[in-house]
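Asks: What follows is a structure written as structure tokens; I'll ask about it next.
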Amino acid sequence: MEKSTLNRECCSVNVHLVEEKKGQLIPNGSGHQGVNGGLVASTGTAGPATAPGTTPQIQPVYPQRETWTRQMDFIMSCVGFAVGLGNVWRFPYLCYKNGGGVFLIPYLLIVVVGGIPIFFLEISLGQFMKAGSINVWNIAPLFKGLGYASMVIVFFCNTYYIMVLAWGFYYFIKSFSATLPWSTCNNPWNSETCIEIFRHDECQNGTIGNSSFGNLTCEELAEGRSPIMEFWENKVLNISDGLDQPGAINWEVMLCLLATWVMVYFCVWKGVKSTGKIVYFTATFPYVVLIILLVRGVTLPGAYDGIMYYVKPDWSKLGEAQVWIDAGTQIFFSYAIGLGALTALGSYNRFNNDCYKDAFVLALINSGTSFFAGFVVFSILGFMASEQGVDISKVAESGPGLAFIAYPKAVSLMPVAPLWAALFFFMLLLLGLDSQFVGVEGFVTGILDLFPGKYYMRYQREIAVAICCLLCFIIDLSMVTQGGMYVFQLFDYYSASGMTLLWQAFWECVVVAWVYGADRFMDDVARMIGYRPFPWMKWCWSFVTPCVCMGIFLFHLLNYKPLTYNNAYVYPWWGEVIGWCMALSSMLCIPVSLVYKLFRAKGSFRERWEHLTKPVWGAHHLEYMAPDADVKSLASFTSGAEDNKVIVFESVM
């Protein structure tokens, strides 16, 4: 291979012409050391040769990446993705369980040292590299396994998360009836032990006669099953006795699942131009419903007691390690860190968008929504506890238990119950829908970025989205069977667990801060947004955040408990094995990919390391990172006479 070098004293860029037998001339690379340095490697085709004496236009290797129509599209998409069901059904319960208002102290501290730094890191990395979750790690190719790991995690999330939407859609449809089907015991799915609402305190005090409930004693009444519990387990889930008994498919829920996947497909198939418009409704309307539910909730008897349970501080909780672990885990869940979708959303930003400011705005919206939702939830739960004559601790739940048991039960006690039920489940559907289709967008973006422009085909995106949705739907069929809830819990507990997200976040910080260089990346961000972020970000990426991630990760690992359902059914050993296989399928992507790349490379270990950690730049970096004079000279240098050569740019500063 013959090499010639053009050196220019006025320029900080070396241009290497490398003879190749095939391919046209491709201008690609970095150029300016002020930001990065390193070799530019690329394959692809350029535009047609131009006549001698003219200055050709630089052609990118890949098709021009689309951008958001307005920057607000990006903000709303991030809000729709990150603000989801966990903000409504998980944070309020954790706040109540871990000392009320005191929980905000560890929560806000970890937001500052962990949530915002990684949130900003993922968005800015996508914006800088203009790539999805896999190609974004061209910034340090040896660690491209991070991209594959995030793709595995988000695929699992896309697969099981939509089941919550299917159940919510089913409840939403059932809400359109004069009497809510989960409010009475005279349905075919109800058992003989079904007991409608009664006041526990009156029964215990002897002020209620047995004649109201036949010949049942207070103890028997207390052990009875509520109609909402039977509707959930006997009608919606039709749950079997274990994971080894899959049973038949619930066709009604399956149709709701299919309808939800169809909605997701048509939200995503045209890319961010259409997605950015849809989220204006799906991300904002839930706030309207939350406000309506709050206004209704605070007017109900018992609402004040419920809210006091939510915010009343218990300072003794600050000394418990579990409180801090719950705060950290919740932040990583609610901020949607480690899934690669934030990187994909950021990649559609303009190169000079102020992503630093965006990160703080989005963090404020996310955490503010979580805290606000707690007032909505606990005002209703306070009313429910008051109506039943029990302590608030007896009705406070999180997760599906809150969404499909506690809250519907409370709604059934209100006047005009179908209206409030329909509003709640419509809000639940929208909260999950935008999180779902943005997650699918992140996965599809990562897949499509793997294919160079020469493989572009018409309807490529539509086909990719269809395949993704169809594959996930087929897997989801296992979750609409009688044993489906056990499968759902396996996915929820292992595939996208706190451990997998913390492991991913730890390595993201290590690679950017210690392999690529924290100062170097801060320079990149400064080149994009026009000013240098506060050094706190660099310190967090380098020291604080990795320690927080690894500390919580080790705590989870050391305090691991086998999965159970309702604290009664213990999963069989082979179910645990399946769960750990799902968890390790993403976590092992990073070390396995690293070892494989080092093994395949040639030279000494140091040479392999230096070669594999040198960034691979995209075509857009030539425009933004090289001085204008250099770009023009390089463009004019790539005239038709050199059509069989590839230009490689390397910084010399």
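We count from 1, first residue shown onward.
For all residues, glycine too, the Cβ spot is worked out from N, Cα and C.
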Asks: Do you know which of C185, C203 TrEMBL records in a disulfide with C194?
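Replies: Here TrEMBL pairs C194 in a disulfide with C185.
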Asks: Let me know which member of S124, S334, S398, S478 TrEMBL also records as binding Na(+) at the site of G80, A82, V83, N87, N366, L431, D434, S435.
Replies: S334
Asks: Name them in sequence order: residues not among G80, A82, V83, N87, S334, N366, L431, D434, S435 whose Cβ is within 8 Å of the mean position of the Cβ atoms defining the Na(+) site.
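Replies: Once G80, A82, V83, N87, S334, N366, L431, D434, S435 are set aside, the remaining close residues are V79, F81, G84, L85, G86, A283, A336, T369.
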Asks: At a threshold of under 8 Å on Cβ distances, which of 146-173, 248-268, 501-518, 539-557 pairs most often with the transmembrane segment (577-599)?
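Replies: Answer is 146-173, with the largest number of Cβ pairs below 8 Å.
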Asks: Applying the under-8 angstroms CB criterion, which one of 104-125, 146-173, 324-348, 419-451, 539-557 scores highest with the transmembrane segment (74-92)?
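Replies: Highest pair count goes to 324-348.
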Asks: Out of S334, S435, which of the binding-site residues has the smallest number of neighbouring Cβ atoms within 10 Å?
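Replies: With the binding-site residues S334, S435, fewest surrounding Cβ atoms within 10 Å: S334.
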Asks: Out of C185, L431, which has the highest number of nearby Cβ atoms, where nearby means within 10 Å of its Cβ, if these are the recorded positions?
Replies: L431
Asks: Need the DSSP three-state call for C185 (disulfide bond) to compare against my parser.
Replies: coil
Asks: Near the transmembrane segment (248-268), which residues from the same chain, at least 6 beyond its ends, have a CB less than 8 A from one of its CBs?
Replies: 162-163, 165-167, 169-170, 173, 236-238, 274-275, 278, 433, 436-437, 440-441, 444, 465-466, 469, 472-473, 476-477, 480-482, 484
Asks: Given L431 (Na(+) binding site) and C185 (disulfide bond), what distance in Å do their CA atoms have, once rounded to a whole number?
Replies: 31
Asks: What Cα-Cα separation, expressed in whole Å, is found between V83 (Na(+) binding site) and C194 (disulfide bond)?
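Replies: Each residue's Cα considered, V83 (Na(+) binding site) and C194 (disulfide bond) end up 36 Å apart.
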